[in-house]
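Asks: Below are the features listed in TrEMBL for this protein:
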- B:6-28: transmembrane segment (TRANSMEM)
- B:33-54: transmembrane segment (TRANSMEM)
- B:60-82: transmembrane segment (TRANSMEM)
- B:89-111: transmembrane segment (TRANSMEM)
- B:141-158: transmembrane segment (TRANSMEM)
- B:188-210: transmembrane segment (TRANSMEM)
- B:216-234: transmembrane segment (TRANSMEM)
- B:241-261: transmembrane segment (TRANSMEM)
- B:267-283: transmembrane segment (TRANSMEM)
Amino acid sequence: MSANQDGTNLLEVRGLTKIFGTLTACDHIDLDIARGEIHALLGENGAGKSTLVKMLFGSLEPNSGEIFWNGQAVRITSPGVAKKLGIGMVFQHFSLFEALTAAENIALSLDDGSPISSIAAKARALSYSYGLPLDPESMVGDLSVGERQRIEIIRCLLQTPQLIILDEPTSVLTPQEADKLFETLERLRSEGKSILYISHRLEEVKRICDRATVLRHGKVVGHCNPREETAASLARMMVGNEVQAVVRAPVEGIETAQPLLEIRGLTRKPATPFSIPLRNISLNVRAGEVIGIAGVAGNGQGEFFESVSGEVLQQDAASVRIRGKDAGGLTITGRRLLGAAFVPEERLGHGAAPRMKLSENLLLSRHATDGKAFVGTGGMVKSGAIYAASQRIIAAMDVRKSAPDPEAAALSGGNLQKFIVGRELDRRPSVMVVNQPTWGVDAGAAAHIRQALIELSRSGSAVLVISQDLDELFEISDAIAVMHNGELSKAMPIAEATFEKVGLLMGGAEPGHAEHTLETA
Amino acid sequence: MDITVNILLTIATAATPLLIAAIGELVVERSGVLNLGVEGMMIMGAVGGFGAGYLTGSPWIGLLAAIAMGALFSLLFAVMTLSLATNQVATGLSLTLLGLGLSGMMGTSFVGQPGERLPNLDIPGLTSLPVIGRLLFGQDPIFYISIALTAAVMWFLFKTRTGLTLRSIGDSHASAHALGIKVIRYRYLSVIFGGACAGLAGGHLSLVYTPQWVENMTAGRGWIALALVVFASWRPWRVLAGAYIFGAVWIGQLHAQAFGIPVPSQMLSSLPYLATIVVLVLISRNKRLTMMNTPASLGQPFVPDR
């Protein structure tokens, strides 16, 4: 596939280095991208993929190293320079304006001075020709994540770039939407464009990429042809050693077990004009099982978690029941006292107070439930006890840190997540609700967290996991329910669930009406 | 009939400084910057405008000096909040306090001096028309500037690419930066524009409204302008409506007090504030529209990665 026109690669990177303080995020990176190839950039979270890409797109300046574009040495000092060269980028986060229309969003990234009215027509034409239908007049805040990504792609294509960088494009898509994206990418490749495809999903890299460069701890650890590798061998290159497989023993007689968490007709109005209402959600989680909730981001999972955890109270106290007691009107602390534990999606700000020490963060979530252990007479904090407990959690979850009791913000995302999950597991809660348990966590730590959640359930607790990562849900769940547009499907036993079935539900289809939705998707 | 015309003219005069200061602040806030120093920039414009007019004998030079003074003073805010990323609320408040103190000091020798007044428009044949003549063709120049400015800002924000870019920065500076938009430069220019407008509004007070220098003569108008922007959900025509409602009720209650209506004067004095808030809240009932017009990055400092 690497059909060089004149012997030079489209892009060559030599010795690119970026240092943040004491951390070398990218350490002498070499990378070649040929014309008309889909090149994968593989690596775990924190391996330096995003930093490298930001340097290629001009958002960050390298400390040293060279970039050659069509054989010419170039300095990419700003995103504007990158665009002029012919580098386009489809971002994973933070690049659309919610309060503007799709056409306005596209217009902003084109500097050719063409009037906004003509951009809408161009965007519409281009979007249909690539099979990514788009209404230019719609407000971005009203669109689904998949639709937003279409805007990003169209926006990028309108600049007719030679190299398109895609950062984790499928992390927010249903499997069916991802298939559509792959078709678009293959079409772009056939037009001679090059694509740098960043992902940690090995199966899709094997499926569409011609070559791969693997990063680990900021260094290139290998180049390979992903089609000749197995998912396991790619994972080994990324992680550096074997990843422990998660073991889940099937549960017996769960139908007769007592439901510890009951959601009955949970309904909630949208909190802001751009958020999703919850529509009559019902679900039982029994002692001994893990139930997974799948769904594309932004379909009400966040709102659902807030309602279940007590961040937002319900009018109807019986809509959330914990261990047989109405909890809908109780605050987070009230629900914790009933034996529930919660791990929210945002680690900093929700899961932990960034500028407080780990031991203090432990106290924040457990002062009520473990009052006697951590708070003495007259409200004095037993600092020795909370320190000892936090060290116990750090050891149990293998939290890597630079000081004995660092501030939460000083930990990497994955390590902080291990601590937060560990803090709740340490209580042996009878109901555990987790939103995105392993988001941004490296593979080894993710396996550790997943195994711990399974073990908690097998010891007689009810575990509810909300995740966008389907692989994860299939690994740990005994049943999977799908959230779409604020509605929750019935939980499907894992033996009956397939990627295809779950994917269709994620796209809003009822099982059995698959064909129809594929056409409109 | 003459009384009606006179009342309408006084309403316009009362509303004009509010409108100009608020339109300037609207542009600043649309770019995502919250400058609470409007009152301070306004009073600096008032003292600068009066002083330059008094010393040169030309109110037109006074007008230019007022604009320059407001712009210069806002530059201080811009350097602090945009280049040094200080807290916008604290910096804006100190700008107001600094402006009030500094203007008092600069103006000590102006107190009690007769100032220059900008002449009203006088077009032979048109200004002398009955009723509409004085309303349309016989007001002070800053009145016409204020209306033109409102229309121009509306056109700029919603019809031009640069205006779209400015709004996008207010919605998400991180996204704008990722697109290669020069966030800090846009914000500098917005803040300076807002300062120039506040200075002009202050100049209206000391060159038209009451052509003399009195310490603290802005009397909270800068704060009202700030409130107007928020209650008008960052939309120019609503700012215009708000400023004129405020002006109308303000003048109305003055007349009511003069007639000796048996209502405590404090109640009457609070009416303009109340009426403006009620009307603007009523026209902002559409929550969705308000959310869409609220600059999401308002007040957040922007520090790009290096």
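The count begins at 1 with the first shown residue.
Every residue gets a Cβ built from N, Cα and C, even glycine.
Buried or exposed, and what's around them? Tell me for each listed feature.
Replies: If you look at the transmembrane segment (B:60-82), the same-chain residues 6 or more away from its ends with a CB under 8 A from one of its CBs are 33, 35, 37, 40-42, 44-54, 88, 91-92, 95, 99, 115-116, 118, 141-142, 184, 187-188, 191-192, 194-203, 206-207, 301-302.
Using a Cβ-Cβ cut-off under 8 Å and counting only residues 6 or more beyond its ends in the same chain, the transmembrane segment (B:188-210) has close neighbours at 13-14, 16-18, 20-21, 23-25, 27-28, 30-31, 33, 35, 38, 41-50, 53, 59, 62-63, 65-75, 77-78, 81-82, 115-118, 140, 142, 145, 149, 166, 217-218, 221-222, 225.
Packing against the transmembrane segment (B:267-283) from elsewhere in the chain are residues 224, 227-228, 231-232, 238, 241-242, 245-247, 249-250, 252-253, 256-257, 261: each is 6 or more residues past its ends and has a CB under 8 Å from a CB in it.
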Asks: Report yes or no: does the transmembrane segment (B:33-54) come within contact of the transmembrane segment (B:241-261), defined as 3 or more CB pairs under 8 Å with a sequence separation of 6 or more?
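Replies: No, the transmembrane segment (B:33-54) does not contact the transmembrane segment (B:241-261).
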Asks: Restricting to the same chain and to residues at least six past its boundaries, which positions have a Cβ under 8 Å from a Cβ of the transmembrane segment (B:141-158)?
Replies: 12-13, 16, 19-20, 23, 26-27, 30, 63, 118, 121, 166-167, 197, 200, 203-204, 207-208, 236-237, 239-240
Asks: Looking at B:6-28, B:89-111, B:241-261, which one has the highest count of Cβ pairs under 8 angstroms to the transmembrane segment (B:216-234)?
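Replies: Most Cβ pairs under 8 Å with the transmembrane segment (B:216-234) come from B:6-28.
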